[in-house]
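Trainee: The structure is given below, and queries will be raised subsequently.
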Amino acid sequence: EGTSLQSQPPLEEQNYGAAAAHGRQGPVVPVPRKSPAKRDYLIAAVLCYTNLINFMDWFLVPGILLDIQKYFRLSDGDTGLLQTVFILCYMLAAPVFGYLGDRYNRKIILGAGIFFWSGVTLSSSFISELYYWIFFLSRGLVGIGTASYSTIAPTIIADLFEEGKRTTMLSVFYIFIPVGSGLGYVLAAGMAGLTGDWHWAFRITPCMGGLALVLLILLVPHRTQRRTAAHRALSISGTIQVAAEKPGVHRTAKTTWCQDVISLAKNWSFVWSSLGLTAMAFVTGALGMWVPLFLYRAQLAQGTVSPCLQETCNSSNSLIFGGITVGTGMLGVIAGAEAARRLRKINNKADPLICATSMFISALCLYVALMVAKTSILSTFILIAFGELFLSVNWAVVTDILLYVVTPRRQSTAIALQILVSHLLGDAGSPYLIGIISNAIQTKNDCSPQWSFRSMQYSFVVCAFVGVFGGAFFLLTSLYIEEDRKEAEQ
């Protein structure tokens, strides 16, 4: 990568592995393997901080959903569409940034994305209730900006660290998904309660984004070395052997985007794990959007709270749910990475089996949580916490599966396609689907608090069944993962 947005040299001309030996003859040259430098950890820290802001911004709207719904006078279906617009723009932009990230300067793309989404978020805090459609549009634009980051940042971490360290650093990186999500609820609800105006929730993350942009410019180098499959495969016993070009050593060639997609479609581990991630995204998208409002309606049905008539509604459910998301997310990602590290030593299929088991347990916890919500809010919070805990187990593990079953020169494209599929069939539609089902049930019954609660309770049951399908997809992944991993290392 150069210092400007210019095309990469052919991969066979870059630094690592057998591909670097293009056109040369000679003996095998041992090259000492570098341990990660302090600068590498610093770069990873900047990327983690930006990932935190990314997901805080993502979940500002659910944190003050009741206020936004009341301010713009939105139905459940229209409210769910807010998150759907965000996700649709996010997923449609992801393949574009995946293509760019595999071919152009990643630092410039990241910086432009951070600047864009921060500016749009700040601007959305000044929209009047008469122009609700502009608010919808702003969320879509924020989705485009965040796609640039989510697609490219994991590949930079993968390039900075060897396999053992890579899993650890990706685990740290993905901890900030649930942490950022939870803090998004806390920030939104806290600022709305502190200022009495929910608009202030959208004025903090842009300032944090400005700091992230400065850190990116100062600390992340313009040139980051991309590790090829040959480099990783030849990294043995602490040395990298740069092989001479000879029969049996295949040189990496440039491929088109269509060729990359066709190759990925034949990679069954990638396909089935992506569908498992899609089920995860469906469940987490619906929970993230609707849980605080669902709990508020459960409390209304119990008679423990009064209807929100004032300008700023009580956001205690968002604060509690945000705290749960932070805690269970951190614990789940760490537990998943540690379980994977230990079980890989005794079972080569450990990663997909861990993901399948956690999906089945999560689906059961969420179903029971929905059934007890009418009688016990505390039990519902506890069961939702366990459901989120087991969902979070999978975040880093699924990404690590992708990184070792897909050749590195296709990883940005693979991540982008995985984002596209998982969001298109997952959380792009689940918030809207839950809202539409809830609307349909409400229209056939009276407008009492009881039916307002039941309509959302019944619509939420869909999530439990989708979670079971997700577990099945990860079981299918386990059938192919050993073969696909060996092929990616060739």
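Each Cβ is built from the backbone N, Cα and C atoms, and glycine gets one as well.
Sharing the record's features from TrEMBL:
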type     : residues : note
TRANSMEM : 41-61    : transmembrane segment
DOMAIN   : 43-482   : domain 'Major facilitator superfamily (MFS) profile'
TRANSMEM : 81-101   : transmembrane segment
TRANSMEM : 108-134  : transmembrane segment
TRANSMEM : 140-161  : transmembrane segment
TRANSMEM : 173-194  : transmembrane segment
TRANSMEM : 200-220  : transmembrane segment
TRANSMEM : 270-291  : transmembrane segment
TRANSMEM : 319-340  : transmembrane segment
TRANSMEM : 352-372  : transmembrane segment
TRANSMEM : 378-403  : transmembrane segment
TRANSMEM : 415-438  : transmembrane segment
TRANSMEM : 458-481  : transmembrane segment
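How about a rundown of where these features are and what they're close to?
Mentor: Confidence over the domain 'Major facilitator superfamily (MFS) profile' (43-482), given as mean pLDDT on the 0 to 100 scale, stands at 83.
Taking Cβ pairs closer than 8 Å, the transmembrane segment (81-101) reaches residues 58, 61-62, 68, 74, 109, 113, 135-137, 139-144, 146-148, 150-152, 155, 257, 285, 288-289, 412-417, 419-420, 422-424, 427-429, 431-432, 435 in its own chain, all 6 or more past its ends.
Below 8 angstroms of C-beta separation, residues 36, 40, 43-44, 47, 50-51, 54, 57-58, 85-91, 93-94, 96-98, 101, 106, 109-110, 112-114, 116-118, 120-121, 124, 168-170, 173, 220, 224-227, 399, 403, 408, 411-412, 415-416, 419 of the same chain, each at least six residues beyond the ends of the transmembrane segment (140-161), sit close to that stretch.
The list of residues near the transmembrane segment (173-194) in space but at least 6 beyond its ends in sequence, with Cβ under 8 angstroms from a Cβ of it, reads 44, 47-49, 51-64, 67, 153-154, 157, 200-201, 203-205, 288, 292, 312, 315-316, 318-319, 321-330, 332-334, 388, 392, 395-396, 399.
For the transmembrane segment (200-220), same-chain residues at least 6 beyond its ends with a Cβ under 8 Å from one of its own Cβ atoms are 39, 42-43, 46-47, 49-50, 53, 56-57, 60, 63-64, 107, 110-111, 114-115, 117-119, 121-122, 124-125, 156, 187-189, 191-192, 194.
If one looks beyond the transmembrane segment (270-291) by at least 6 residues along the same chain, the residues whose Cβ comes under 8 Å of a Cβ in the stretch are 59, 61-62, 65, 80, 83, 87, 181, 264, 317, 321, 325, 352, 355-356, 359, 362-363, 366, 384, 387-388, 391, 394, 398, 401-402, 405-406, 414, 417-418, 421-423, 425-431, 433-435, 456, 460, 462-463, 466-467, 469-471, 473-474, 476-477, 480, 484.
Within its own chain, the transmembrane segment (319-340) has Cβ neighbours under 8 Å at 63, 167-168, 171, 174-175, 177-179, 181-186, 189-190, 288, 291-292, 295, 350-351, 354, 358, 381, 384-386, 388-397, 400, counting only residues six or more beyond its boundaries.
Listed as Cβ neighbours of the transmembrane segment (415-438) (distance under 8 Å, sequence separation of 6 or more from its ends, same chain) are residues 75-84, 87-88, 90-92, 94-99, 101, 147, 150-151, 154-155, 261, 264, 270, 274-275, 277-286, 288-290, 399, 402, 455-456, 458-460, 462-463, 466.
Distant neighbours of the transmembrane segment (458-481): 268-269, 272-273, 275-276, 278-280, 282-283, 286-287, 290, 294, 348-349, 351-353, 355-357, 359-360, 362-364, 366-367, 370, 401, 405, 430, 433-435, 437-438, 441; these residues of the same chain sit at least 6 beyond its ends, with a Cβ under 8 Å from one of its Cβ atoms.
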Trainee: What residues in the same chain, six or more past the boundaries of the transmembrane segment (41-61), come closer than 8 Å to it by Cβ-Cβ distance?
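Mentor: Same-chain contacts beyond the ends: 68, 82-83, 86, 110, 114, 117, 121, 139, 142, 146, 149-150, 153, 156-157, 160-161, 169, 172-173, 175-185, 187-188, 201-202, 205, 208-209, 212, 215-216, 219-221, 288-289.
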Trainee: Could you give the residue numbers and ranges of same-chain residues that sit at least 6 residues beyond the transmembrane segment (352-372) on either side and whose C-beta is under 8 angstroms from one of its C-beta atoms?
Mentor: 269, 272-273, 276, 279-280, 283, 287, 336, 339-340, 343, 379-380, 383-384, 386-391, 393-394, 397-398, 401, 457, 460-461, 463-468, 470-472, 474-475, 477-478, 481
Trainee: Mind checking which residues reach the transmembrane segment (108-134)? Cβ under 8 Å, same chain, six or more beyond either end.
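Mentor: 4-5, 50, 54, 57, 60, 71-74, 97, 100-101, 141-142, 144-149, 152-153, 199-203, 205-206, 209-210, 212-213, 216-217, 220.
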